[in-house]
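Student: Structure in structure tokens, see below.
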Amino acid sequence: MNRLLIIGPPGAGKGTQAVKIAENLSIPAISTGDIFRKNIKEETELGKEAKSYIDSGNLVPDSVTNKMVRSRLSEDDAANGFLLDGYPRNTAQVHELDSILSDLSQEIDRVLLLVADNDELVQRLLNRAAEQGRSDDNEEVIRHRLKVYEKETEPLLAIYRERGLVKEVNGLGEIDEVTQRILEALK
Ligand code: B4P
């Protein structure tokens, strides 16, 4: 059980939990959002391409994102497992991930779906806005990101449900409590 996806709406705690779970399992946590933010900070070509999409709460085009994930999953540290956070985010990305993993002779073992209600999600992201000032954490963009999740990302869950891979985990409560629930779901 070491090739994992974590999926959930913005603010569900994906990034927070991905780091803890990956550490527990000794696999790398790979966050597409973090890779984009690092590139934006370093003003790389990839960062310049991604910035306007991220700031407006839209998905970065698949042509950019897919290439980036293919390259990251081909690195040595991902050969024995990984926890992918924030990818796939639409059905086209599911098919691309299938192709990437098939080229690497790998398969996904489990898809963790982290859930929380919308009021809690907005509140968490507004709290983060106050603490960190992330450019896409203002109320208007947060609400748009939630809509993008419902329209683009939720439908892809049907594919993984059909494959019997999805484990739903309640994302409400203390961070450590949620980590324990996830570890339980991976047993
Ligand atoms: P992400 O970085 O994935 O941002 P996110 O969906 O907001 O989730 P994040 O991981 O940051 O937040 P989390 O739930 O952990 O993506 C950002 C943007 O990048 C996207 O909008 C898109 O533009 C682009 N992008 C990324 N992947 C893409 C892809 N595949 N295709 C196209 N575009 C892509 O946590 C939120 C907050 O909640 C934190 O402050 C945390 O401290 C808090 N929190 C967590 N758990 C909590 C708990 N139990 N209780 C209270 N607070 C908690």
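Including glycine, each Cβ sits where the backbone N, Cα and C put it.
In TrEMBL, annotation is done automatically, which means it is predicted and not curated.
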Student: Out of G164, G173, which is the one TrEMBL records at the ATP site of G11, A12, G13, K14, G15, T16, R128?
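Tutor: Matched candidate out of G164, G173, per TrEMBL for ATP with G11, A12, G13, K14, G15, T16, R128: G173.
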Student: Which candidate from R110, R124, R145 does TrEMBL annotate alongside T32, R37, N58, L59, V60, G86, Y87, P88, R89, Q93, R134 at the AMP binding site?
Tutor: R145
Student: Does anything in the same chain, at least 6 positions from K14 (ATP binding site), have a Cβ under 8 Å from its Cβ, and if so what?
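Tutor: The answer is I6, I7, G8, S31, D85, G86, L114.
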Student: Using a Cβ-Cβ cut-off of under 8 Å, list the residues of the same chain that are 6+ residues beyond the ends of the region 'NMP' (31-60) and lie near it.
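Tutor: For the region 'NMP' (31-60), the list is 14-15, 18, 68-69, 72, 84-87, 89-90, 134-136, 141-142, 144-145, 148, 152.
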Student: Please report the three-state DSSP label of G11 (ATP binding site).
Tutor: coil
Student: What is the total of other Cβ atoms whose distance to the Cβ of G11 (ATP binding site) is within 10 Å?
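Tutor: 26, counting other Cβ atoms within 10 Å of G11 (ATP binding site).
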Student: Please check the binding-site residues K14, V60, R134 against ligand 1 and give me the ones with CB under 6 A, sequence order.
Tutor: K14, V60
Student: Near G173 (ATP binding site), which residues of its own chain have a C-beta under 8 A away, given they sit six or more steps off in sequence?
Tutor: none
